[in-house]
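*Asks:* Checked TrEMBL, it gives:
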BINDING   B:His92, B:His94, B:Glu98, B:His141  Zn(2+) binding site
CARBOHYD  B:Asn130  N-linked glycosylation site
SIGNAL    B:1-28  signal peptide
There are 2 protein chains.
Amino acid sequence: MGTGPTAPAASGHRGSLLLALLLGAAAAFLPLAEPSCPRDNSLVKDINQMHQSDYGRKGFSHITIAGALAHGMREVEVWLQTFGPGQRTPIHRHSCEEVFVVLKGRGTLLLGSTSLQYPGTPQEIPVFQNSTFTVPVNDPHQIYV
Amino acid sequence: MGTGPTAPAASGHRGSLLLALLLGAAAAFLPLAEPSCPRDNSLVKDINQMHQSDYGRKGFSHITIAGALAHGMREVEVWLQTFGPGQRTPIHRHSCEEVFVVLKGRGTLLLGSTSLQYPGTPQEIPVFQNSTFTVPVNDPHQIYV
């Protein structure tokens, strides 16, 4: 993403991962409040200047490109996240569809299924630069590097 | 996007534009049928290998990264589009929110407003690499290079 805040983690390390996360039905799942996030009301925003947080996790970066709290979105959210080596999300799920686009790096998707009462062994699937995958509503998943 | 089908138009020309378009409420607006698009049921897909079309417009490229017809999406669609020099969308609108992320290049957003009965003169706003903007539900808009 050019020379912006995401560049260091995204461009150099073989073990890092730069993800764009695109989620439907924004209001239903938003996990994090952003009370200190200044509202930028300009129509066209420079992503390199947008509010970035590691939420206390070293080697992690999150930017809400378009969000309910920060931008009044009602149907869709777009996040940009960078995972440094060893970073992982918790195993979690959302009450909405989620689409991932891997902009740089490689990692692993851990995906369970809600179609079984006891999901059993989840699938572990490699993800890589310029790959995409979707996570169905409520399917438990984790991303790790 | 690396060495894939979007690379030639996205990497070289100063006058081109590579956009990721992220739309909510997919089923409500899908403008194009994709009857010849083969379904790829793999969980993780290589965007470089995905079906690409110019829909008869020279210098234009469209890839449905996640879509209702191609992938069964119900809440959100993700498109990747490349505009060569001189390319423009029609002036149009959607019955859903739309988020744009400019991955490469520069162009112009023409944006009207539905808040006025007669929208009057639309705004013309430059867009640039690593910029983002949202188009509210039903606001008429056009993107051109």
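Placement of Cβ uses the backbone N, Cα and C atoms for every residue, glycine included.
TrEMBL labels come from automatic prediction, so no person has curated them.
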*Asks:* Compute the C-alpha separation of B:His92 (Zn(2+) binding site) from B:Asn130 (N-linked glycosylation site), stating it in Å without decimals.
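*Replies:* Just about 24 Å between their Cα atoms.
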*Asks:* Counting across all protein chains shown, how many other Cβ atoms sit within 10 Å of the Cβ of B:His92 (Zn(2+) binding site)?
*Replies:* 12
*Asks:* Just the number: how many Å between the Cα atoms of B:Asn130 (N-linked glycosylation site) and B:His141 (Zn(2+) binding site)?
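*Replies:* So the Cα of B:His141 (Zn(2+) binding site) lies 20 Å away from that of B:Asn130 (N-linked glycosylation site).
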*Asks:* Count the Cβ atoms, other than its own, that fall within 10 Å of the Cβ of B:His141 (Zn(2+) binding site), considering every protein chain shown.
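*Replies:* Its Cβ has 22 other Cβ atoms within 10 Å.
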*Asks:* Around the Zn(2+) site formed by B:His92, B:His94, B:Glu98, B:His141, list the extra residues of the same chain whose Cβ is within 8 Å of the site's Cβ centroid.
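*Replies:* Output for this site, in sequence order: B:Arg93, B:Val135, B:Asp139, B:Pro140.
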*Asks:* Count the Cβ atoms, other than its own, that fall within 10 Å of the Cβ of B:Glu98 (Zn(2+) binding site), considering every protein chain shown.
*Replies:* 24
*Asks:* Quick one: of the recorded positions B:His92, B:His94, B:Asn130, B:His141, which have a CB under 8 A from chain A's CB atoms?
*Replies:* B:Asn130
